[in-house]
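Report on the structure given below.
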Amino acid sequence: MNNHVTVLEIDGNALEHNLHYFKQKLKPETKILAVVKAFGYGSDGVKVADFLKDKVDYFAVAYASEGIALREANINTPILVLHPQIPTLADIVTYKLEPNLYCFKVFDAFLKLADEESLIDYPIHLKFNTGLNRLGFKHADISKILACLKETNHIKVQSLFSHLAASEDLNERDFTTNQIANFTYVAQEFYKNLSYEPILHVLNTSGVVNYSDAQFNMVRIGIGLYGFGNDAKETSQLKNTHNLTSIISQIHSIEPGETVGYNRAFIATETVKSATIPVGHADGISRRLGNKKGFVLINNQKAPIIGNVCMDMIMVDVTKIECKEGDNVIIFNNQEMIKNIAMLSETIVYETLTAISPRVKKILTK
Ligand SMILES: *Cc1c(COP(=O)(O)O)cnc(C)c1O
């Protein structure tokens, strides 16, 4: 039971709004896979999936353990494990998760297991590398895969997919179009040679925005579900899902010449009122936000972080803000604040969100 006062509120209405926003960009028959890896992009994958389970066709997680957590919460929607590890394949079967088999090493290991367990038509997914060069089979592997599939009834190809390297970047349009063409070739080869038609999917969030013609039978939506599109205009159509708040633990009056925090990084030149907040770099607040780069909101006013960000706390300047110990603190509650934090932390929104640690209490509101 997490009773921490620093709380990430996941806005269920916003999740639903964002899902609907992408749905209306797609053909009615296109399936939706919601990506809930990395604790639902730093929130709570189980809570997000439980909320979305009747609204989407599929979930994806990166690793088996994340899928097991969903099953243990009685979520019965199909779950694609994007990056299964060989030692976890048995658990994948036990928990009825669906592995992405992306190379012969994993393919063969799974086939061996499927044989030992006498599985019939166990749903597996095949990923093709079309240019990201991260995971996936290549064209030259197709005939060998097809030959293996002809000889077994232990597994069945539930889907064929690939992942785009630069779907958000229109300067890379040629490269992306080529990836899609490359994937289309793979799909045709399988459709020609199998007696059934696996689901096809290649688009992530920014793919849906920029290349909706390539939606095939399903799309995989991650960051968009959590409120971020490709640009400010798109993002303004989406609702923020991650709201991080805390409370003031203690207020100090700092006299001129006194310092605040580790390494005495903040030196008062006049009397300063500081507030200590129970959130630090171990909770996902980058140290780059220290020394007045980042701020929080207290009673609707900006309170800059003074001194260095500690592991478990930050100190903020509240000299000009009327406030008391126990008052609420907003670390972020809209996309602009999250984007600003990402920029000041010299990273992207994906990292700012997924940095929010499990120590932070998570609640989902509807
Ligand atoms: C993480 C991931 C996604 C989701 O991407 P977004 O840009 O967050 O929509 C989709 N597909 C794969 C293979 C991924 O790893």
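We count from 1, first residue shown onward.
Backbone N, Cα and C define each Cβ position, glycine as well.
Taken verbatim from TrEMBL:
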ACT_SITE  Lys37  active site, proton acceptor
MOD_RES   Lys37  N6-(pyridoxal phosphate)lysine
BINDING   Arg134, Met311  substrate binding site
DOMAIN    241-365  domain 'Alanine racemase C-terminal'
ACT_SITE  Tyr262  active site, proton acceptor
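Using DSSP to sort the residues of the domain 'Alanine racemase C-terminal' (241-365) gives these counts of helix, strand and coil: 25 helix, 45 strand, 55 coil. In this structure, the C-alpha atom of Arg134 (substrate binding site) lies 17 angstrom from that of Lys37 (active site, proton acceptor). The predicted model assigns the domain 'Alanine racemase C-terminal' (241-365) a mean pLDDT of 98. Around the Cβ of Arg134 (substrate binding site), a 10 Å sphere holds 11 further Cβ atoms from the protein chains shown. Around the Cβ of Tyr262 (active site, proton acceptor), the number of neighbouring Cβ atoms within 10 Å comes to 12. Distance noted between the C-alpha atoms of Lys37 (active site, proton acceptor) and Met311 (substrate binding site) is 25 Å. For Lys37 (active site, proton acceptor), the count of additional Cβ atoms within 10 Å of its Cβ stands at 19 [all protein chains shown]. Taking the Cβ of Met311 (substrate binding site) as centre and 10 Å as the limit, one finds 11 other Cβ atoms among all the protein chains shown. Cα of Tyr262 (active site, proton acceptor) to Cα of Met311 (substrate binding site): a distance of 11 Å.
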